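Participant: Input: one structure, supplied below.
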Amino acid sequence: MDAVLLALAAVWGAATGLLIPRAAYRFAVEPEEPWRTACPAGHPLTGPAGGWLGPARCGPCAAPPAPHAPTVPVPGTPVPEPQASTAPGTATRTTPTYAPNTLAPLVTVLACVALAAATGARPELVGWLVLAPVAVLLAVVDRRVHRLPDVLTLPLAAAAVLLLGGAALLPGHAGSWTSGLLGGLALGGFYLLLFLINPNGMGFGDVKLALALGVALGWYGWTVLFLGGFAGFLFGAAYGLALVLLRRAGRRTGIPFGPFMAAGALTGVLLGALAG
């Protein structure tokens, strides 16, 4: 059963992870700009859900180039000498992709498999597997444009409440829906306080993401909530310190905090699931 569960989690992670690059490309715009509707080459993004669901490359970019018709030399016409390539190994056609193309699906697979291994066949696993790909998508968008869109953070919080509420009604669950709700309010309130103290250091999108992550962490209790929340700050501080030491950033350089919040929450949920 464990092997089947892990395999199903891996398949789910791969299927949802492969949809992330296109969605991240469309969401990764500045606040005053509309969501992207065309690929980098200008082709309209079509497909299910208004073009939001689909592979990383659009159809025209992914299609193989049309073969060239062979030229027949005309008698008496000089044959031009072949031109040397200016860059050996370069492709004759560019196919724009929506980076990152491999990392996001891989992270999604690993997260889903880790959650399945730690949680087992308990009811809350369904919630974790639904929430994890959206958290990865938010991390990718935040890393690219330092933005956590409301159309993702708020539904994520609502989904966490509903999914864990459903899990709490089933036998065999290892958490508390009430403590999850309180955890969301606590972590969201803490981030709101940080935002009010220093709006330049903490975005309001982080506050809304904290609501969802707090619900997930609070499901396993206050200790897990503290550990997961602290882990996010620890990961972010380590990354910022590494950038400063490598002279790639200064002490006042802003870094996207969403990826570290998600990583900290994943760490906390894994610890809580293993302890449960």
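Our numbering is plain: 1 for the first residue shown, then up by one each step along the chain.
Just so it is clear, glycine is given a Cβ too, placed from its N, Cα and C backbone atoms.
Curation plays no part in TrEMBL annotations; they are all automatic predictions.
As the structure is a computational prediction, the values presented were derived from the model and not from experiment.
So TrEMBL lists these for the protein:
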REGION    72-94  region 'Disordered'
COMPBIAS  72-81  compositional bias 'Pro residues'
TRANSMEM  98-118  transmembrane segment
TRANSMEM  125-141  transmembrane segment
DOMAIN    129-240  domain 'Prepilin type IV endopeptidase peptidase'
TRANSMEM  153-170  transmembrane segment
TRANSMEM  177-197  transmembrane segment
TRANSMEM  217-245  transmembrane segment
TRANSMEM  257-275  transmembrane segment
Participant: Using DSSP, what's the helix, strand and coil tally for the domain 'Prepilin type IV endopeptidase peptidase' (129-240)?
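Facilitator: Per-class counts: 91 helix, 0 strand, 21 coil.
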Participant: Ranking 98-118, 125-141, 177-197, 257-275 by the number of C-beta pairs under 8 Å to the transmembrane segment (217-245), which range is first?
Facilitator: 257-275
Participant: If we skip the immediate neighbours and take only residues 6+ beyond the ends of the transmembrane segment (177-197), which ones have a Cβ under 8 Å from one of its Cβ atoms?
Facilitator: 157, 160-161, 164-165, 167-168, 203-204, 206-208, 210-222, 225, 229
Participant: So what's the average pLDDT for the domain 'Prepilin type IV endopeptidase peptidase' (129-240)?
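Facilitator: 97, rounded to a whole number.
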